[in-house]
Every structure is written in structure tokens, then in C-alpha cells.
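> Quick one: structure below, then a few questions.
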Amino acid sequence: MAAPRAETPKPFIQFEGGNLQMKAESLHIMTTSRTSMKVSCLEFTRVWIPDQDEVWKAAEITRDYKEGDLVLHLQLEDGTPLEYQVGPKSNALPFLRNPDILVGENDLTALSYLHEPAVLHNLRVRFLESNNIYTYCGIVLVAINPYEQLQIYGEEVITAYNGQNMGDMDPHIFAVAEEAYKQMIRDEKNQSIIVSGESGAGKTVSAKYAMRYFATVGGSSSDANVEEKVLASNPIMEAIGNAKTTRNDNSSRFGKYIQIVFSKHYHIIGANMRTYLLEKSRVVFQAEDERNYHIFYQLCASASLPEFKELSLMSAEDFTYTSLGENIFIDGVNDAEDLKKTREAFTLLGIKESSQSGIFKIMASILHLGNVEIISERDGESCHVGRNNVHLQHFCRLLGVELKQMDHWLCHRKLATASETYVKTMSSKQANNARDALAKHIYARLFDWIVGHINKALQTSSKQHSFIGVLDIYGFETFEVNSFEQFCINYANEKLQQQFNSHVFKLEQDEYMKENIPWTLIDFYDNQPCIDLIEARLGILDLLDEECKVPKGTDQNWAQKLYKQHASSAHFQKPRMSNTSFIIIHFADK
């Protein structure tokens, strides 16, 4: 019998709050349309006005305003008077402030005025004055990353939230998890929790806490310790899929959807994990002050262990693929100790010592491959590997491939036609690109193999009754250099935001309309035009596919096609100083 269809996901929005002057674009939450003043407003009305430094500033109207006036007479909180220009050719009328009695509410929907400055101010007050990182917005939980460990996730807290209704206690990730667990039991429907937000907002940690909650309240009835195995997948996936970025010391560089499977008695009996968009480019390139995947540094930090002698490892500083970011350490992190936890997790999940040894051999071989020096010949059209390259020897020994063959094919490529096969030389640039492509491919295949074995360890022979899914996917990203991977990540986030809009606004408003509840329709942001720009016919992906099929297709040709096709799109821009780049205007940023 087919598993029951999952209920519409429960959104959980994660925000980054390291900067206390939280900027509007960092908040992935859509609110009601602009609540402006009426055409006449009285003296002492309190408002929000835009500010370049603080985003929004509080002010008070000092003179009555009448329709048609072009100036609002305001006074800022520090007593400074301000003549604020309004009208069709200047600023719109400012947002109204909420009464003080409502500020700090634990549910944003309780505010009289629900707009951007009201949301930001309420979150800021709760975060700074009450030390609350969680706030509800109806069925959505909003979280601010405090960038420190808080003592609010212990067993006693789980016990306190177990069995409680959402809203009866303070907002918490455990309240969302309990609601999903309770609705699964009560309605006999599968549930999903979506953890969404920008890069560095703390999504992965929140997903781990949700999984811990399910593992505790839905502990297995047998001695199989299934819930321990579910949690053991975390250190492994963090080792092979997480890395230090400029935003986050432990950033997930892949997306994952974990289904936690329950029996008819609602005990955990297994789990299954699907992964998305592994950032393969990180294997061969890291920006300044970033690191490669944690597992490489864990291995290098443990190079002196007797069982790792055959890997011929050195310090991470001495390998090209681990030193490009020029900072191999993370404050407060002991890579050697973390490897012990990774190995313990492998063992708990039933991955044999021989398989673990094979994993580490492949990881080490990738590091050695990055140190293989390819030297250009004088003609510039061919190249060769430096004589007696010790790293190529280690690579071939660890993977069991023939040294002579590897030496040859690193610098040559084979072209097959209908009638003949040609072997052509490559320039040193082409050969280096091919070497890096090989490293990325090996790592991606190993990553998939490990995920497959984790799933084998977590699968159950018992009959599945229901599941709760936890989606922890990339947050929106924008860097100095945005590659195809950032494009895919932000495309995925655009689709996720559409799901969020549909669930929180469109479907909810449809219910109001069906039940004839008096209601003013909310004018929410529709990101379908941006999605069409990417995925529709003659969109960005369509034109990319076309250029890839053209003999000698180039970035320049593709860019010119994009400029011609999408010049009129409100979501597409051509940079002034480039003919090979383009800008997409996403819901979160450019």
C-alpha cells in the first residue's frame, strides 16, 4: 500500500541575527501590504521612516498632516527635528508604529500593524531585551541565530514541550516538532518541516534539534537504538558536506531532506536521507578565509596515527586543495578530535573498518591529485607532468591505478567520431581543469556512496506507518564570485519561497474566502516572474542548454543571447563593466 501523502509542510524560517541592525533583505518573510497613514494624521502619531544606516528609524509627527502636504514635520527619538518630504515625486507616507504594549509580542500576528519595520523592531526587542531567539508568525516559527550555544535544548526542555499545544508555551523549535509529531498521530498524515533562511542563519543546527526531539519522544521500543543511528548520521554528513565559509564556520554545502519513519505505535523504526546540490567546486577552490570540507582537515590533523601512515598525509597547509583559503584552522575546533567522532559514527552505522579505510584512502588521493604539477610545453598546446612527481605516485598507489596510464591521460584526451578515435594533447590550462574535474567527480561519487550506506544502515524491514520529513536546504547566497552552484542554490530558494508564499498567504486566504470571513486580500510578493526567467522556454537554463550543444560554444555567446532575450525583464540586469556576467534580481538580493 502506498504511503499516505504528506500534509502541506510546516514552514520554519531561520534568520541571521549577528548584526543587530537587521537589514530587511536578510529576512525571508513576507508580510501584509503597506499600512500607511490615512490622508490626514494628527500630531503625536508615531511612525517609521527609512534610514540608510539603521534601515528604519522611529519618529513622531509634531504637526498635523493634511492630504496634499508635501512635508511631514517629525521629531526623531533623540529630539532632532526633521522635515520629511512626501508626495508622488518623493517618499511615500511612512509606516505607523505599534503601541508600546504590543512590542515584544511572541507572535507577530498579534501586532496591530504587520509590516517590515514592525517585524524587524519586534524581533530586535525580543532578541536584545528578552534574550528570545524564537518568535511565532502564525504557524511559522522565526529564529534568529545568536552565534553561541544556548542552554535551552536539554532533555528537561524536551519533556516540558512534549504533549503541549503550539502557542501554550514560549516559541521554540521543539514546539514546531511537537506539533508535527502530534498531527501525525492525530490526523494520521505524514508531516514535513521546512527549515529556510539565508546562508549562515543556523538552519542545520535547527534541523538537528528537530531530529533530536523526534528521537527522544519517538524512541524505538526495541533495543535496536534506531534513534541513536539517526542522530549518528549528523557528524558524518557534517564532516563530508560542511565547511567553513565567510558567513559560518560549519556551513552545509549541500541540501538534505530526511524522512524519519515511524511504526503504527509511533516509535522510530528507521530513516531515509536525500541530498541535493553538493558544492563540488569547493573540493578544488575556496575563497579567502574559507576552508574545504571538514573531513580533509580532520585527516591531515590525524596524519601521525599509525593506521594513516600509508596515506602519506602532510599538514593541510601543504596541500593545494586545503590551503587556497589561506586559513586552515577554525577557532575552538579540534579537527583530530572531530575525526574520532566521525569514525565512531561510521562504526555505529555499521560501516566496516575496511570500508572506512577505503573512504580515507580516496579522500587522501584527492589531496595528492591537487598537488600534481602539470607543466606547459613551449608550444603552449601540450603539457606534461613533472618527472617523478611523488603526489601522482601516491594517488596511483592509493587508488590502485597504473602510474604510466595516469601520467598520459592527465595531459591527453580522446575524441571519438563515427569512424575514428583521436588522441589529442591538452594545454596546461585544459589539463589542470581536467585534473580538478576528476577530483570533483571522485568526491561526488564517494559522497553519494556514503549517503547510500547511511541509508542502508537506517532502513527498516518493519512496515512503515508514517513519517516526518525535515528539509534543510541551502540558504540564499551571494558572494564576490557567484558560480553555477550559487545560481542553482538561489533558484532552489526561489522555488522554496514560492511554496512558502503559497502556503502562508494564498492557501490561507482561500480558506477565508471559502468560509466567507470578511478579509482584505494581502498583496504579497509573487516570484513566479523570476522563476520563469530561469526555467521557462528561452529562459536562462534553456539558453544555457542550447549554448552547450553548439560547437565551440562560449560564455560570451551565451551572455549575449541572455542580454538580447531578457533585456526587458524586471528580474534581469547586465552589469556595466562586463560582457560575460549577468545579474538576477531574486526576492532576497541581486
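Cβ coordinates are placed from backbone N, Cα and C, and glycine is handled just like the others.
Annotations per TrEMBL:
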type	residues	note
DOMAIN	103-590	domain 'Myosin motor'
BINDING	G197, E198, S199, G200, A201, G202, K203, T204	ATP binding site
> Cβ atoms within 10 Å, counted per site: which of S199, A201, G202 has the most, among these binding-site residues?
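That would be A201, with the most Cβ atoms nearby.
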> Mean pLDDT for the domain 'Myosin motor' (103-590), as a whole number?
92
> Count the Cβ atoms, other than its own, that fall within 10 Å of the Cβ of E198 (ATP binding site), considering every protein chain shown.
23
> Within 10 Å of its Cβ, which one of these binding-site residues (G197, G200) has the largest number of other Cβ atoms?
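Going through G197, G200 one by one, the largest Cβ count within 10 Å is at G197.
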> Please work out the number of neighbouring Cβ atoms within 10 Å of the Cβ of K203 (ATP binding site), leaving out its own Cβ.
29
> When a 10 Å sphere is centred on the Cβ of T204 (ATP binding site), how many other Cβ atoms does it contain?
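Around the Cβ of T204 (ATP binding site), 22 other Cβ atoms lie within 10 Å.
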